[in-house]
Amino acid sequence: WEFNGSFYQPSAFLMMGIPGLEALHHWISIPFCALYLIALLGNSMILFIIKKTQSLHEPMYYFLSMLAVTDLGLVLCTLPTTLGIFWFNMRRIGFDACLAQMYFIHILSFIESSVLLAMAFDRFIAISRPLRHPSILTKTTVIKIGLAIVLRGMVSLLPIPFLLKRLNYCGKTELSHSFCFHPDIMNLACADIKVNVFYGMIILLSTVGMDFIFIVLSYILIIKTVIGLATKEECLKALNTCVSHICAVLVFFIPMIGLSMIHRFGKNVPPLVNTLVAYTYLIIPPALNPIIYSIKSSHIHEALLRALRRK
């Protein structure tokens, strides 16, 4: 503990694996290793295929590249501490290291939400304005959107570590997960955390919340446009280009909303449920996204098959 008058701050936190199943951590690590391996290889493969295939150098796949990079970042943020607990029971993490991990996890989550919104906008333009699509979403525009997404995430979350460092902590140092999460750290403080709660809620609603609303609005407009198409075949073909993105949106937002609700209102939720939802939120989307796009996107699927044949 670091002591400064009446101000107390822990030098480290203790992370938690899966409560009640500590004796089985070595066996539980096997599916986690498989998911991490799928996420690392799958997203790296997506990036490699898009880079090497000239026909994929268009907005839809530029945004997919951003999604893959974000998923790789999320995996690399949580992998060391999660497997460190499962393999070596390394539960201790320094206070500043915990704040840094938390900051990057939240930034990458916000970036992923914004990239999914950009992909929804791309699908709307491609379906409603197919002839103007290349002139609206040029390579320069896509780069500007990407920079704006990263900047929004970094700036909006910058106060969070400082808001946590100003708090006075009591005797509890045990976190609920094998990674650092803002509500989890905040709830260990014995000071007034109203500012943290208010700021966290405002940022969540104004970023991820707004992204989700605009994604839904984009699909309402897409469906409205598709209904006006001449034939059923054209309608199905247009909707088929959105299937992968819809799956990615559901895989990301459902566990995220669930985890947020548990941290805000689920004081009586069993710790095991809280832990499983958190792992689902941070590990499942990076592992499933490359599989979804490899199966449902015909261009990615064909490029992958060509690459395997060359090998």
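Using N, Cα and C of the backbone, Cβ positions are placed for all residues, glycine too.
Database features, via TrEMBL:
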type	residues	note
DOMAIN	42-293	domain 'G-protein coupled receptors family 1 profile'
TRANSMEM	24-50	transmembrane segment
TRANSMEM	62-88	transmembrane segment
TRANSMEM	100-121	transmembrane segment
TRANSMEM	142-164	transmembrane segment
TRANSMEM	197-222	transmembrane segment
TRANSMEM	243-264	transmembrane segment
TRANSMEM	276-295	transmembrane segment
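Of the two recorded stretches, the transmembrane segment (276-295) does not lie close to the transmembrane segment (142-164), with fewer than three CB pairs under 8 Å once pairs fewer than 6 apart in sequence are set aside. For the transmembrane segment (243-264), same-chain residues at least 6 beyond its ends with a Cβ under 8 Å from one of its own Cβ atoms are 67, 109, 112-113, 116, 119-120, 123, 181, 183-184, 201, 204, 208, 212, 215, 219, 273-274, 277-278, 280-281, 284-285, 288-289, 292-293, 296-297. Between the transmembrane segment (62-88) and the stretches 100-121, 142-164, 197-222, the greatest number of Cβ pairs separated by less than 8 Å involves 100-121. Packing against the transmembrane segment (197-222) from elsewhere in the chain are residues 109-110, 113-114, 116-117, 120-121, 123-124, 127-128, 152-153, 156-157, 159-160, 163, 182-183, 186, 238-239, 242, 246, 249, 253, 256, 260, 264: each is 6 or more residues past its ends and has a CB under 8 Å from a CB in it.
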